[in-house]
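Residues annotated as S-adenosyl-L-methionine binding site in TrEMBL: GLY35, GLY36, HIS37, ASP52, PHE81, ASP102, GLN109.
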Amino acid sequence: MANVVFHKSVLLKEVLEVLDPKPNKKYIDATIGGGGHTQGILEKGGVVLGIDLDPEAIEYCQKGLISYLEEKKLLLSQGNFTDLAKIASRLGYERVSGILFDLGVSSHQIEKAERGFSYLRDTTLDMRMDPKLKVTAADLVNALNEGELYELFTRLGEEPYARRLARAISKSRINKQIKKSSELIEIIQKNSPGYGRVHPSIPRVFQALRIAVNDELNNLKIGLIESLGLLEKGGKLVVISFHSLEDRIVKNFFKGKAEEERIEIMTKKPILASVEELNLNPRARSAKMRVAKII
């Protein structure tokens, strides 16, 4: 891979154990990011279709995994996994042995200030995973009325102070639009009980805005449905989620399809990162992996 780390893949060892890649078998990485999981599959002899909504992720993998591209072991496609079946059909991946979803934001997206995902640095409130999307987080903060902001923060951020924060944002933007992360953070800190520098409400509000901008939960539901039609008998569906809203969708989807006798749930409880991994990559602490097999 390239020298600059785009994203450190979580649960890499565990993903490879459950997928158990076989030589020349086809796999889809629906969220390739920095390509860590994909590289692991390729090193085991599998062939991979890597998809990502973020064009910068595709560009990174084109450079870092160039030898596999040249050997025709890897195909890359910039797109939304809501179009998984269409992309797979176009590129000859109509039947595959495994599909991986690694949800959430990459380290690159968080650390690149102009992408607007981070609350740890002052940046424009953007948060679009695909730069072609029209609506940014700043657009939502300034356009939604108080009731809509309350509903957004409650539903997508599970924010206990949603009412108070929605009211404060509505009042604040009368005099000046909220464009920067520092401006939004200041409002949150002034209108929530103090917890120190990073109030727990800050990541919850940022999460809610990011999910809304990218329509992440609806996209996940569609992507899971799309994946079932591509997996061969015995094929594995592996999903890594990073917050309770995502995990709940995956858990309920697996439960429903198991009741229809379409899949076997291989993880009664989600797989979590080991202590060793957490020491190396603290961002893995919220990762939960669920696995199902086509029957």
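Each residue, glycine too, has its Cβ placed from N, Cα and C.
On the structure: features taken from TrEMBL.
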residue	record	Cβ contacts under 8 Å, 6 or more apart
HIS37	S-adenosyl-L-methionine binding site	SER9, LEU12, VAL15, LEU16, ASP29, LEU100, ASP102
ASP52	S-adenosyl-L-methionine binding site	THR31, ILE32, GLY33, ILE58, CYS61, GLN78, GLY79
PHE81	S-adenosyl-L-methionine binding site	ALA30, THR31, ILE51, LEU53, PHE101, ASN219, ILE222, GLY223, GLU226
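In the three-state DSSP assignment, the secondary structure recorded for GLY35 (S-adenosyl-L-methionine binding site) is coil. Of the listed binding-site residues, namely GLY35, GLY36, the sparsest Cβ surroundings within 10 Å are found at GLY36. Following the DSSP three-state reduction, the secondary structure of ASP52 (S-adenosyl-L-methionine binding site) is strand. The Cβ of ASP102 (S-adenosyl-L-methionine binding site) has 26 neighbouring Cβ atoms from other residues within 10 Å, across all protein chains displayed. Under the DSSP three-state reduction, ASP102 (S-adenosyl-L-methionine binding site) is assigned to strand.
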